[in-house]
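Here is what TrEMBL says about this protein:
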TRANSMEM  36-56  transmembrane segment
TRANSMEM  68-86  transmembrane segment
TRANSMEM  92-113  transmembrane segment
TRANSMEM  125-146  transmembrane segment
TRANSMEM  152-176  transmembrane segment
TRANSMEM  197-220  transmembrane segment
TRANSMEM  232-251  transmembrane segment
TRANSMEM  263-284  transmembrane segment
TRANSMEM  290-310  transmembrane segment
TRANSMEM  322-341  transmembrane segment
TRANSMEM  347-367  transmembrane segment
Amino acid sequence: MLGFALVLIGFNLRLPIASLGPVLPEAARAGGLTPFATSLLTTLPSLCFGLFSPLAPAMSRRIGAEHTVLVMLAVLTLGTALRGLGSAPALFAAQIFACLGIAAINVLAPVLVKRDFPRHAAMMTGLFTMALCVGAALAAGATVPLRHLLGGSWALALAAWALPALLAALLWAPLLPPQETMLGPPARPRSLLTDPLAWQVTLFMGLQSALAYLVFGWLAPILRDRGLSPAVAGYLLSLSILGQAVTSLVAPSFAARRRSQSGVALFFSGLAVASLLGCILAPLGTAWLWASLLGLAQGGLFGTALMLIVLRARDAVAAGQLSAMAQGIGYLLSALGPLLAGTLHGLTGGWGAVAGWVGVLGGAMAWSGAQAGRARYVGASAPTAAATTGARAR
């Protein structure tokens, strides 16, 4: 039951983010948002994940990891529901609340998997990541039809995604232990700030997230601007995200069986950049092909990035410390993806400059992934055999 509950929680962790893109133009018009404000709205997830990630270890030391997850599921439900108010302030407040809940769960999920599923961590990582991608694909593809079912209200369509989060909270609550093992980093969490490997893992996590949130926020508007209808653009975004479910399931196990994950990171980085550039620049009739390949690439990137947190840590405590750093600092870095994309589009009125930004992101991501993929532990200079052990997680 614990494994199923974790997978259901993973299903909820991108619903508020992926559902916004398909109705972003309507929400921006209704709220009177400027291009910069619209870019900021799509960038808030990355900023919030970075700012709020350090709260998770602190809360888990006080009330325990499982109780922290329950509290944050409630916050996620509330934040998603607030979008039903439909105003610009409500949109920003809802995004902040929802992403606060997601940020804490993001950090604790790899630690829970490493602690509770030490022999099946790679499988649980894949299932958790796959559920996350399936949820995001469903939100991207179903939000526009849901808006039509709800009388054309984009606000109610966005708020409806609070229901799965409420269901996850109700399922998680009975699983809370009476006395919980406290999870959190050691008393000196800043020690990894001087570790080059920790920074390489952090950069790879942050840069692949920057590309992911650029896609979440801007792929549908890009395709709409190129001539596709809102519904078709949403379907292609959904197709892309659904493709992530395939590789996010298999990439962690594949990466875990290899001593070095550098080649895996390089392959998926190159495929992701080429595919997104295809969506922006290639003939519109081939958009479905590029969107599909983009999804496969991003699922592999995400699964590999999460697996690296586990493979580069000796135990659950080190995994929690590395997870907090990689997702805290990494997600702050990832805010540059959608923010600069929106700003460049607003300044130029086209997507050529955005294509250049995608190329820069891809090069930096490939380098950091190649460095982070080498078989070592954070806090140790010698190579390790971690890549061949069973203690791995999402």
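The backbone N, Cα and C atoms fix where each Cβ goes, glycine too.
It is 290-310 that, among the stretches 152-176, 197-220, 263-284, 290-310, forms the most Cβ pairs under 8 Å with the transmembrane segment (92-113). Looking at which of 36-56, 125-146, 197-220, 322-341, 347-367 has the most CB pairs under 8 Å to the transmembrane segment (232-251), the answer is the stretch 125-146. Two recorded stretches are said to be in contact when at least 3 C-beta pairs lie under 8 angstroms, sequence spacing 6 or more; the transmembrane segment (263-284) and the transmembrane segment (347-367) meet this definition. In this chain, the transmembrane segment (290-310) touches the transmembrane segment (197-220); three or more CB pairs sit within less than 8 A of each other, excluding pairs fewer than 6 residues apart.
Listed as Cβ neighbours of the transmembrane segment (290-310) (distance under 8 Å, sequence separation of 6 or more from its ends, same chain) are residues 110, 113-114, 121-122, 125-126, 129, 133, 201, 204-205, 208-209, 211-212, 215, 219, 236-237, 239-252, 255-256, 261, 264-265, 267-269, 271-272, 274-276, 278-279, 282, 319, 322-323, 326, 365, 369, 372-373, 391-394.
The listed stretches are 36-56, 68-86, 125-146, 152-176, 322-341; of these, 322-341 has the most Cβ pairs under 8 Å to the transmembrane segment (347-367).
Under the criterion of 3 or more C-beta pairs below 8 Å, with sequence separation of 6 or more, the transmembrane segment (322-341) and the transmembrane segment (68-86) do not qualify as touching, having fewer than 3 such pairs.
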